[in-house]
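Colleague: Got a structure for you, questions after.
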């Protein structure tokens, strides 16, 4: 009798173990995608101006601001979500071309581009109509503070904005900043230590200018030039004094809407580098869905500076250094899994950064939407996903996407999991971060693309919903899911 009971217990435990193993295996193979198509009409509200940027911060270590969607301030605010999405894809191609050109350091001459303990957080605005970047924040410039929208860009170092008087200025949603009305604006002398931090600090000498001159040229043909100065920036009461800011009098390119750019790169003149003593070289952002403007059920995107920006429970991967280019954030990508299995055609060697030439590697970028992988790696990933999703009805290709599905009439669907394997840890993507709607009729596409160049880029669609932490002091990047 005792042996029979013992055998029954062993059998029950074995069945339970197999059931748990089967459930775990299933969860590692498939994600559930909620089928939400693009809305047929605009759903975005106007930016919330109810919170003053000049109020006293809640504490000296952190500050929280709400967000609005940049479509509400753009010239395309009346466009349909489908039209905005198509504009975003066109803009994304220009962005990737720009970054690829900058990264190919052997073939590009960088023209007069700057090299670049509390904390605060600020509002980040996701945008589908700005060529210079996808996310924006509201901040105050000067004293008294003039409120402006600024592009957040991890692929740029310099902080700059349009200034009066304008030789050439593009259309922006706010009034052009007038430095003569600010008590804290100051030009920088030609030949000063701060001026010499520019890649080409001799421009003012050639122009026989007493003040320091800067020029930033982007790979897509956009550029800004003017006086390098210092100014006070205000983030909802958190004043940051003596920030080196380019005061641009000639600004041409794809910058329509925002007043300028807040460079978040690794170079010496980027905002994180300039404020390293105060914010310890740490910042993070959490980006919500690109069509969200923030609600009770879907919180807004945010950016945080300071020690609070780096959650201790994040999955961390070390930052790699490109000795030829100090702007970008390079990561060590070891491989990718689909449906719980490593893709055999995706290997670390395809993403290796060549320290001798500065070519190759994988960067994470706030301004690129769709993740780009070297062509062989992309083809292997795509084929693995197609195989895992073979029960789904295929649909025609769409724009840069060659793997699409017809999910019309469905409310939820099981799709293969996609996991990034970084040096130091794994990051499992939600289904909505790699299978995205492209129209109102139920067509969804695999949100990856190939590139013929050697540089791979992890875009912001794949970053959505993660708190992505940039720890320059610890030389690492952190990922924390569901942290917006």
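Note that the numbers count up from 1, one per residue, in the order the chain is shown.
Using N, Cα and C of the backbone, Cβ positions are placed for all residues, glycine too.
Got these off TrEMBL a minute ago, pasting:
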ACT_SITE  153  active site
ACT_SITE  365  active site
DOMAIN    135-480  domain 'Peptidase A1'
SIGNAL    1-23  signal peptide
Colleague: Quick one: Cα separation, residue 365 (active site) versus residue 153 (active site), in Å?
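Modeller: Residue 365 (active site) to residue 153 (active site), Cα-Cα distance: 8 Å.
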Colleague: Return the single residue from the active-site residues list (153, 365) that has the minimum number of other CB atoms within 10 Å.
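Modeller: Relative to the other active-site residues in 153, 365, 365 has the fewest Cβ atoms within 10 Å.
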Colleague: I'm checking region-level scores; what's the whole-number mean pLDDT for the domain 'Peptidase A1' (135-480)?
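Modeller: A mean pLDDT of 91 is what the model gives the domain 'Peptidase A1' (135-480).
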